[in-house]
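Novice: Straight out of Swiss-Prot:
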SIGNAL    1-16  signal peptide
CARBOHYD  Asn77  N-linked glycosylation site
BINDING   His207, His211, His217  Zn(2+) binding site
ACT_SITE  Glu208  active site
DOMAIN    306-346  domain 'EGF-like'
DOMAIN    356-471  domain 'CUB'
CARBOHYD  Asn481  N-linked glycosylation site
Amino acid sequence: MRFLILVLAGSIGIYGVNLPKIPKLSDLVNPFQQFKLKDILSTLTALDTPDIAADSAGVSLPKHEYTDRLSSISDLNRSKRDLLFQGDIHLSFEHLSNIVREQLDHSRTKRTAFRNAMYPKTIWLPNVPFELHGSLSAKSRSSLVAAMAFWEKHTCVAFKKRTSEKVYLLMSGQEEGCWSTVGRDEAQGAQILNIGTGCEMFGITSHEIAHALGLFHEQSRYDRDNYVQIVKSRIAQTNFYDFAVVGKKNMETYGQKYDIGSVMHYRPTEFSLDGGNSIIAKDVNMQNTMGQFRGPSFIDVAKINRHYNCEKNCKNKITCLNGGYQHPKNCKICVCPPGYGGSDCKGIEASSPAKCTGVLVAGETQRKFTANIKPNKNAKGIRKCNYHIEAPPGKRIVIIVDSVIGNCVQGCYEEGVELKMYEDKTVTGARFCCKLQKPQTLISQGNTVPLMLVAGKAQAFVQLRYSTVDGPQNRSPKDGNATSIGVNPFLLEKYQDNSIDSEAIRKEYHIQSDNVNQEDFETLVRSEFIDENTADI
């Protein structure tokens, strides 16, 4: 990684001098062919996607006043939407034809990385040749360097300044918007990755490079309808094309679970006609996890490592628990999911500052936990408090989130709290960063819940209650979606008979939150429950 940065820093002055003229996106796409395929795919997607009305009770989620003013990638690419697949992907006619053909065959079965019959020719081996074009702004160049360094550090992928390679990544800022190809394509030669004005943040450049390495969007997975619902009435019919599913012949998930917190996932308002949610999480507690721009998630990185066969670097295997795996560049250590740490990923991830950590033991008696990371304009990097809420074997954990202070942004990737309620700890958890209109009730699948309070320079605060409940640990809806108790009954099939109703839990704890405003409710909570665990950083 250090070599990469030094090479780039020393080469800034010469980039763009002798580069060939870059064709425009409109030169690379045959409009007649593209529009014909787009119409077919839009029709197929409309027919194949379950419907839900924009005004149904299932879509009436709380509306937040988001503090971020960042445009979505599809908005940044508004002028080029007709030429791009799913808002920011340039596909060759042949590649797009294969996706349409597979949809026509209705062959949706398990397989988000681009993998077809040409694999492994569709991945970059032994390295990724690249050029940084002189049209890139200083901010875009710096962000691309950081994104390449990230992928180099966390995977076995290596980036190399192009010499004479005919197939390479040509990173440009010549046009508006942010877009890329998917995987390596010999037929294209110079594969353009465009980072225009407004696309300079790390979350976007790492997203576009992930496309170039082979990742499709997360919501285009074959199984996405088990986890999210598309609100078709909020999407123009011509944009149904952008919500198409990519089938197994062109995509591989490598056994990784669907991750709403993936940097490759659409924002909840993507392509929305009225600014409302066009994508609804079937587990309503996961809605604010969708659309983060912090950077690649644990599963995003794991998929690239699998896609490039990085595990082959480690001949001597070590034990990594909770979904962790050997680091492809240091086989003596484990890469652990967020919230976990230690030599084998069995322990708690190290906190910063170190004093805000520990195990919170859940029992039948309800306990309250409060954590507060104070604002600090001089803070450098991420401040993070990590806890594990643990219950005895055979028990599950009920958590009621009463109050949150954070930076209310889509994806809650700045200040906020994350709770991992699923049995699979590799999946991004339920995030909260906006003011709650009423307490949020969740129930775990297992007997451990990692709790992560994250802040930059601003404040992050959470107050919640937790206790145990009897029941089988692997409770899940019949459609296969793994969820916590915060499930929207209008979107899911009925739970199995051993399920627990969230309203019943609220009544059990005498919480009449619907009859009081948030401020009065917080006063009520503070007066009736004793703080047993408090962290003030």
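Backbone N, Cα and C define each Cβ position, glycine as well.
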Novice: Based on Cβ atoms within 10 Å, give me the single least packed residue among the binding-site residues His207, His211, His217.
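Specialist: Sparsest of the binding-site residues His207, His211, His217 by Cβ contacts within 10 Å: His211.
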Novice: List, in sequence order, the residues of the same chain other than His207, His211, His217 whose Cβ lies within 8 Å of the centroid of the Cβ atoms of the recorded Zn(2+) site.
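Specialist: After dropping the recorded site residues, what remains is Ile73, Gln86, Asp88, Ile89, Ser180, Glu208, Ala210, Leu215, Phe216, Val263, Met264.
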Novice: Looking only at C-alpha atoms, tell me how far His207 (Zn(2+) binding site) is from Asn77 (N-linked glycosylation site), rounded to the nearest Å.
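Specialist: Their Cα atoms are separated by 14 Å.
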Novice: Can you give me the Cα-Cα distance between His211 (Zn(2+) binding site) and Asn77 (N-linked glycosylation site) in Å, rounded to a whole number?
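Specialist: Distance between the two Cα atoms comes out at 16 Å.
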Novice: Mean pLDDT for the domain 'EGF-like' (306-346), as a whole number?
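Specialist: The answer is 97, the mean pLDDT of the model over that range.
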Novice: Can you tell me the CA-to-CA distance separating Asn77 (N-linked glycosylation site) and His217 (Zn(2+) binding site), as a whole number of Å?
Specialist: 16
Novice: Under DSSP, is Glu208 (active site) helix, strand or coil?
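Specialist: Where Glu208 (active site) sits, the three-state DSSP reduction gives helix.
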Novice: What Cα-Cα separation, expressed in whole Å, is found between Glu208 (active site) and His217 (Zn(2+) binding site)?
Specialist: 10
